[in-house]
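Remarks on the structure that follows.
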Amino acid sequence: MTGSSPPLSCQQVDNTLHIPALSCRGGFDFSLLFEELILGILPLGIVLIIAPFRLYHLFWRQAKVVASWLLWAKITAWLALGIVQLVLAVYWARPAATRTQASIAANAIITVGFFILCLLSCAEHLRSTTPSFLLNIYLLFTLLFDIAKTRTLWLRSSGQTDETIAILTSVTVGIKFLLLILEAVEKRHILRKGQSGYPPEATAGIFNRSFFLWLNPLFRSGFSKILDVEDLFDLDKHLSSRRLYSTLETLWDKVPKKNPNTLLFISLKAFKWPLLSAVPPRACLAALNFCQPLLLHRSLAFATEPVNNHTNSIGYGLIGAYILVYIGMGVTMGQYQHMTYRTITMVRGGVVSMIYNKASRLGIKDADPAASLTLMSADIERIVQGWQTIHDIWGNAAEIALAIYLLERELGVACVVPVGVALVALIGCLITLSFVVARQAVWLEAIERRISSTASMLSSMKGIKMLGLKSAIMKSLHGLRLEELEISKKFRRLLVWNMALGWTTRIFAPIFALGAFYGIMHSRGKDSAFDMSTAYTSLSLFALLADPLLSLVMALMTFVGSIGSFSRIQEFLEKDDHVDCRLKPLHASYESFEPKAMVLVDDSDATETASDRSIHRGKSVYHDALTVKNATFAWNVEKEPVLKGLTISIARGSFTMIVGPSGCGKSTLLKAILGEVPCVNGEIRLSSDSIAFCDQIPWHMNATIRESIVAMSSFDKEWYASVVHACGLVQDFEQLPRGDETVIGSKGIALSGGQSQRIALARAVYARKDIVILDDAFSGLDAATEDYVFHSLVGIHGLLRKINSTIIVASSSAKRLPYADQIVVLDKMGYASEQGSLKALNAAGGYVSSFGLGSPEWKSEIDKPSVTDLAQPKILRPNRTEAIKEDPRRQSGDLSIYLYYIRSIGWLPTRLVLTDMTGIWVKWWAISNEEDPNGRTGYYLGIYAMLGAVGMLSLIIGCWEMVINMVPKSGESFHRKLLATVLNAPMSFFAATDSGSILNRFSQDLQLIDMELPVAAINTFATLILCLAQMILMGIASRYAAISFPLVILAVYSIQKVYLRTSRQLRFLDLEAKAPLYSHFSDCLNGLVTLRAFGWQPALEDKNFQLLDYSQRPFYLLYAIQRWLTLTLDMVVAAIAVILIVLVVTLRGTISAGDVGVALLNVILFSQSIKLLVTFWTNLETHIGSIVRIRSFTETVSSENLPTEKDDVPPNWPWGGDIEFKSVSAEYRPSEPVLGDVSLTIKSGEKVGICGRTGSGKTSLIMSLFRMVELSSGSIHIDGVDITKIPRQEIRSRINGVSQSPLLIKGSIRRNMDPNGSYAEKAIIEAIKSVGLYTKIQEKGGLDTDISEVFLSQGQQQLFCLARAILRPGKVLVLDEATSNVDAKTDEIMQRVIREKFCTHTILAVAHKLETILDYDKVVVLDAGRVVESGDPCTLLSTEGSYFSRLYASSMALAEEQ
């Protein structure tokens, strides 16, 4: 060509950044200058820029690793590398060297750089527990670069000097390889003392982390044994819940809460670095994804090129490129997902901790355990799901943009068509997103209502069974479930719509685009332009456009859903904190206020009495422990106050009793003292915040008796023995099979009422607090036990007196008033009508004087317990060893669960085969068009469109059928089975099973089945069929590639066998480890008043952190092993791709370009599909555990109903009320008898009182009548019918019962009175009127008012339950200590109602107040589960030495003395 410059020589080209020509080293090489600057100086420069900052960071750290042989080996290797590089620099400076203009400078800089890196290596070794990330990355990449450079130097060497340079460069490559090995060696075995305890991941190097090798020990353990949480790796310090909470809470406190997404923003800010750490691997993954169509395009061109040295070199380069791209994709995918899940774990740890912390600071009215639990389960799960794809939002957007750009290069203006399809799909998705948050919120609210009612049911199982309300509760709760599922359908429709939009681009974009391309080319007269290369490159780009779009649609939907959950949690966090209106002291004591004149008795004698008694306590009581000055208290400041104008002073170390009629506000006053009730006016001041509290209904956590008593205090053996003795628990421990190691169950369900009350008392006493507040804490005890416990604790030598505690007791009974230093009387209006000592109040006349009480008679000093005896095994028995039932399905799995879902999918996979057939159809179309341009275009395009349309239609129909119809049906079925299992379970099950574990199945498991499992199931099965179809197509296209498939299948089989044996166990552990967390959360909220009174919030928050960390271990590791699976399967894809390209290179000329296109296109599609498959399958595998757990629960929890209990009973049974116990022995659990050989006959219409000391078996006898304990022998007949042969529900619905603990169901007054909806409104009103509650209920809004808004006191609740009993049919009434917790007036009302409304009934009454049963026809005395005496009460009283007379004498001793 005229005027053109001559071609450059190889030496000249090496002095530029250009790629050498074909004549220079085959044209397959870099120029030397490029290798020196770009591949040599650039990476070193980056490292040298970072190195000073890293050195500075390491300088301030303490040494963590000992200077072992490894350090000296590294130093030696680095110095050797520097010396060799120095020699190399000298040789490059010699005149004979064929160098570039940068050779001398580049080698000199590299030499200096190596010595600097030697210094960095020493610092990294000594002051970091992990191998250096920076040095490993540098050595890895520059090793590959140096290999390329060494090849160049050997190819261009033309003299001795050049050959020596090539040899020295080869030596540096060898030393770098050695250094890479040395720097990658982990330092776990050479850590200094005090630096041990790191989990494997925390000390793993880059290669270990990149390929998840640190998980191998876990896989070995999971493969060989049943795993427990304790077998799992500990969390590293960055995942500590306490640390995460501190980070998040600090930011939360600083920012204004004006935006509803504030919590989301501060979460992003708090965990920005972990979140951003996933950006580089995600960006690399996007870049590597788009190397695939470029490689495909080049491979198709290569398949048609002639065979020569140049093309052979290109072939080898393609093999190397495939290896790098596909392995790189696997590593970057694994790392980006792992970093994302690590961030999710951090968010979960921080947000759950914030929910708990906030819940512990709420007022009593706002502390709804079920609502908070929904946030911790359903909403946190939505956040976890939403953040899994958070990086896919920007990553997929970038990939879509790249795909559009590359499509434009391939198809020209025709690319507008698929872009238009993608845009329509995206806009449609964005429109639906605007509805997602609102519809999800409504659904979650419905879940919250159901869980709240379920939690209420679980806490009241004894009452539900006793009243025979199983059917009513089943109907009510299942109705809430059906309502919830119906509401969820609105959200599910959005899900189906979004899935359809996501698949639109994948199915229709290729059809429209190739049709448009062909039309444009035909109009330009280029019919032959549609060839193999264009077809398959375009199809690969369509895949890379459609899959990111599908992923983007799903990512947007889940992330928007997570935003809604963040908003719900933020709304919870923004609730007002509990405000403590009390004034607390700045120092130990202060002078009391002057008493304010009001309707009080000025009692100068009270001080004298207290002063006299202070002699025995040894401490001054002239300073007040509590002063209330003109204070008004209201639960709702906008409504009428409950307590008004109170002025009370309570001396330190004194014993004060608060009394008054039922509903006067005694409990409210105690809670006001605890700071739980808002103070509208006046003030309340405490001398100490060291307070113990025992509530009217005892609160317990699910723990052993000892743990319940010691609670958050430290264990003191002697003090513990004293407290146990004083609370009369020694005999109970002797009777219990495990002594004080007996687990009491959720809410103390395994205990009798008296035992529960005394354990709560023991906890209050054991804490040794300055102020002890007891809310009617002695009422649930029999007379003898009550007298003993009272004098042991409050008597002149009582434990509380000895430690000088100020004792404040609210009581419905007046019998202990003579012992009080001070008495405070509240009237019905909430005013303090009287205040002073008994003597002064008796003299003044009024409420107290009406009881006619005299001076007290203090008991002599109670015998001290034998601490040695209490510590012996006979009392404190350890748990008996129980065999752990290991479920082998945890390792091996249960295929039937998956088969169930495969059957649910039906014919949906057919669409997938049709969709994937389009690849072969395009091949046939392209071949036909090459042979006969525009010959049968309409035919091929029409069939192509038909395949896509049929596939799309079947997808929509299949998804709709499953998501809208089948999933709700299965969800309804699972709930019905689960609820039926719980309602049919025996009482022993609830005593042995934590309520949180049961509730977890109703919340977490059902939520996963409803929300996550359907999507995971559809996507998994769809993508599985795609993968199988693509493998078949690859085999058809390349018979040689098909040879490798058996090896691939064997590899995948081996992988899944190793993986599933561990993953299934982690899946179970993940779900099970949440149960203790949920139980703790629920327990703490139920006992919030007690916990705040004791000041245990910090200790329980620590426990919450521990339980959260405990649950985080399987949660985090489950996601980690899923990433291991992703990486491993990506390596299988890489192997397939490399095998295919090797065959293309080696068999070039024997394989057609069409077959190459089909095979390589399906490798790209397969790689995309396998990633989706792993994502979807791991989600499915995680969520299917919920079905396994529910099915296991329903199969393993035995029903209390026996096959023999099938006899029918007449409609009017029991018609008389004759009851006969025939040699009855009963037990809650095998070998733990509670009744022994009880024989008893009760005639129709008789009124029988059952008495005995606490724990004697009274309640168990009653429970046997309701068939709530199992009869080991004997039988019970009612009106001649053997109740052991009729259904238990039938018995309970025919016998009328009122228990000690009032049963109030969530809902309206009407629903509580008539759960089955059987009675007219008039009958309900009459029943309520008969107990004197109708006026109060009417004032609050009538029968349809929610019962929680009526604020019934304990006594009023008991009256309400008696009113409910009036409505129920049957001739047998059972009263289980029904009047033990009420005051004298309420007791009088109840006795009147019983006499008037149940005069024709047979009545069995368990009584602690023996005076209430003196007019009964018969009394039965129990001891140790046996009837020791029965007969007419008057006759037994007059019989000297009878059990009943002794019991009665003990209960009435005080009255007789007075």
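Just so you know, glycine gets a Cβ as well, placed from its N, Cα and C.
Record features (Swiss-Prot):
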- 660-667, 1252-1259: ATP binding site (BINDING)
- 283-561: domain 'ABC transmembrane type-1 1' (DOMAIN)
- 626-853: domain 'ABC transporter 1' (DOMAIN)
- 933-1182: domain 'ABC transmembrane type-1 2' (DOMAIN)
- 1219-1449: domain 'ABC transporter 2' (DOMAIN)
- ASN208: N-linked glycosylation site (CARBOHYD)
- ASN309: N-linked glycosylation site (CARBOHYD)
- ASN630: N-linked glycosylation site (CARBOHYD)
- ASN702: N-linked glycosylation site (CARBOHYD)
- ASN804: N-linked glycosylation site (CARBOHYD)
- ASN879: N-linked glycosylation site (CARBOHYD)
- ASN1316: N-linked glycosylation site (CARBOHYD)
- 30-50: transmembrane segment (TRANSMEM)
- 70-90: transmembrane segment (TRANSMEM)
- 102-122: transmembrane segment (TRANSMEM)
- 128-148: transmembrane segment (TRANSMEM)
- 273-295: transmembrane segment (TRANSMEM)
- 314-334: transmembrane segment (TRANSMEM)
- 501-521: transmembrane segment (TRANSMEM)
- 541-561: transmembrane segment (TRANSMEM)
- 940-960: transmembrane segment (TRANSMEM)
- 978-998: transmembrane segment (TRANSMEM)
- 1016-1036: transmembrane segment (TRANSMEM)
- 1125-1145: transmembrane segment (TRANSMEM)
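Each residue contributes its Cα atom, and for THR1254 (ATP binding site) and ASN702 (N-linked glycosylation site) these two points are 21 Å apart. Long-range contacts of the transmembrane segment (273-295) within the same chain: residues 238, 318, 321-322, 325, 328-329, 331-333, 335-337, 339-340, 342-343, 346, 390-391, 395, 398-399, 402-403, 406, 537, 540-541, 544, 1160, 1164, 1167, each at least 6 residues beyond the stretch ends and with a Cβ under 8 Å from a Cβ of the stretch. Take the Cα of ASN208 (N-linked glycosylation site) and measure to each of the recorded positions ASN630, LYS666, ASN702, ASN804, GLY1252: the nearest one is ASN702. In this structure the alpha carbons, written CA, of ASN1316 (N-linked glycosylation site) and SER662 (ATP binding site) are 29 Å apart.
Note on proximity: of the glycosylation sites ASN309, ASN630, ASN702, ASN804, the one nearest GLY1252 (ATP binding site) is ASN702, by Cα distance. A separation of roughly 47 Å, to the nearest angstrom, links the Cα atoms of ASN630 (N-linked glycosylation site) and SER1256 (ATP binding site). Recorded residues ASN309 (N-linked glycosylation site) and SER1256 (ATP binding site) have their alpha carbons 99 Å apart, per Cα-Cα distance. There are 25 other CB atoms within 10 A of the CB of ASN702 (N-linked glycosylation site), with all protein chains counted. Each of the recorded positions ASN208, ASN309, ASN804, SER1256, ASN1316 was ranked by the number of other C-beta atoms within 10 Å, and first place falls to SER1256.
Sequence-distant contacts of the transmembrane segment (30-50), counting only residues of its own chain at least 6 positions beyond either end whose CB sits under 8 Å from a CB of the stretch, comprise 13-20, 99-103, 106, 109-110, 113, 116-117, 134-135, 138, 141-142, 145-146, 148-149, 152-153, 156.
Note on the transmembrane segment (70-90): residues 104, 107-108, 110-111, 114-115, 117-118, 121-122, 125-126, 165, 168-169, 171-172, 175-176, 178-179, 182-183, 185, 187, 190 of its chain, located 6 or more positions outside it, place their CB under 8 angstroms from a CB of the stretch.
For CYS664 (ATP binding site), the same-chain residues 6+ apart in sequence whose C-beta sits under 8 angstroms from its C-beta are LEU826, ASP827, LYS828, GLY830. In sequence order, SER812, SER1353, GLN1354, GLY1355, GLN1356, LEU1359, VAL1382, ASP1383, LYS1385, THR1386 constitute the residues six or more apart from SER662 (ATP binding site) in its chain with CB-CB distances below 8 Å. Geometry remark: ASN702 (N-linked glycosylation site) versus LYS1258 (ATP binding site), CA distance 24 Å.
Here GLY660 (ATP binding site) comes close to LYS666, VAL825, LEU826, ASP827, LYS828, SER833, TYR847, ASP1383: these same-chain residues lie at least six apart in sequence, with C-beta atoms under 8 angstroms from its C-beta. ASN630 (N-linked glycosylation site) falls within a strand segment according to DSSP.
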